[in-house]
Amino acid sequence: MGARIIGVGQAVPDRVVTNADFEAYLDTSDTWITERTGIRERRFGGTTSSLAIEAGRRAIADAGLTPGDIDFLVLSTTTPDQTVPATSAEVSHQLGTRGGAMDLNAACAGYVYALVVARGMIASGAHRVLVIGSDTLSRITDQNDRSTAVLFADGAGAVVMERADEDDLLGWDLGVDGAARPILYCDHGGYMYMEGREVFKRAVRVMVESSETAMKQAGVNADDIALLVPHQANLRIIQAANERLGISLDRTAVVLDRYGNTSSGSIPLALADAVAQGRLHPGDHVLFTGFGAGMTWASAVWRWAR
Ligand SMILES: CC(C)(COP(=O)(O)OP(=O)(O)OC[C@H]1O[C@@H](n2cnc3c(N)ncnc32)[C@H](O)[C@@H]1OP(=O)(O)O)[C@@H](O)C(=O)NCCC(=O)NCCS
């Protein structure tokens, strides 16, 4: 018994915020933002549930299913609409999915955590799990703080995972180091605080180590990876990880130039984009890897089924 991914979907708000929009009121420039981060524009707007619903609906349609075919929902988010109830309750209600629904928060590594948890639900008897990542980071970012405002944005992505004879989850690694909490956090009612350089250094290290662990468990190496789908925080972080892993940029999904850092939304957004561009073929090995506040990290090697 195993699991395979049979549908993907994504959703972003309509409002485009360009680097020039920040230039107009902050001490920053398009050149600085592009060269230091790779981000050119991002989307602001919507709620975590509204983006999750749209991405989830598209993934269900892409799988050729209806919401009633889903018997469990996992929503990875670090920006729930309310403290109580879980945002997944509203998402399940609006979509009309059956069975249980829960939120999962492992910050920007959350989507890979959610994929592994969903696979565990299938092992426990679920048949089809909708796995959504949705965040609206613009709501918890001080738009007058140039060091964070240009990075964080809003977006969502989703996959439908289905029970199968063969298992497409070939290897995974999840981790956390709570001692790193002070370098990246947001208090209730507050704004994102980040020690950028420290996060950068640790991000590269944990992504590489975690990816290597997942690949080892899967019995594959970097040459076997058809597509790396990393968390979209900074193009320089992705390039540094690429170099150390030996996976070239042309085998890497990058959407941060258009969407910025959408936390839980970033990996499934990048996956949906790669699928839409025809970059994945049946049997391909996909390596997902992410890191986030906590500090958390997570990697998974999947065989692409479609
Ligand atoms: C935030 C980040 C882009 C900053 O890039 P950096 O090259 O490390 O730059 P530094 O933080 O060393 O700052 C260099 C200078 O640029 C300034 N700066 C910061 N943001 C700026 C902006 N938007 N525009 C212009 N200058 C800016 C800093 O104030 C600093 O000025 P100083 O030297 O006068 O003090 C980078 O550290 C980063 O991406 N870190 C990881 C962030 C991340 O991944 N977060 C999400 C985790 S899920």
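Keep in mind that glycine also has a Cβ here, set from the backbone N, Cα and C atoms.
Keep in mind that TrEMBL annotations are predicted by a computer and have not been checked by a curator.
According to TrEMBL, the features are:
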- 102-178: domain 'Beta-ketoacyl-[acyl-carrier-protein] synthase III N-terminal' (DOMAIN)
- C108: active site (ACT_SITE)
- 215-304: domain 'Beta-ketoacyl-[acyl-carrier-protein] synthase III C-terminal' (DOMAIN)
- H231: active site (ACT_SITE)
- 232-236: region 'ACP-binding' (REGION)
- N261: active site (ACT_SITE)
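Sequence-distant neighbours of C108 (active site): residues of the same chain at least 6 apart with a C-beta under 8 Å from its C-beta are T78, H231, A233, N261, S263, S264, S266, G290, F291, G292, A293, T296. The Cβ of N261 has fewer other Cβ atoms within 10 Å than any other of the active-site residues H231, N261. Broken down by DSSP into helix, strand and coil, the domain 'Beta-ketoacyl-[acyl-carrier-protein] synthase III C-terminal' (215-304) contains 39 helix, 24 strand, 27 coil. The DSSP breakdown of the domain 'Beta-ketoacyl-[acyl-carrier-protein] synthase III N-terminal' (102-178), given as helix, strand and coil counts, is 23 helix, 34 strand, 20 coil.
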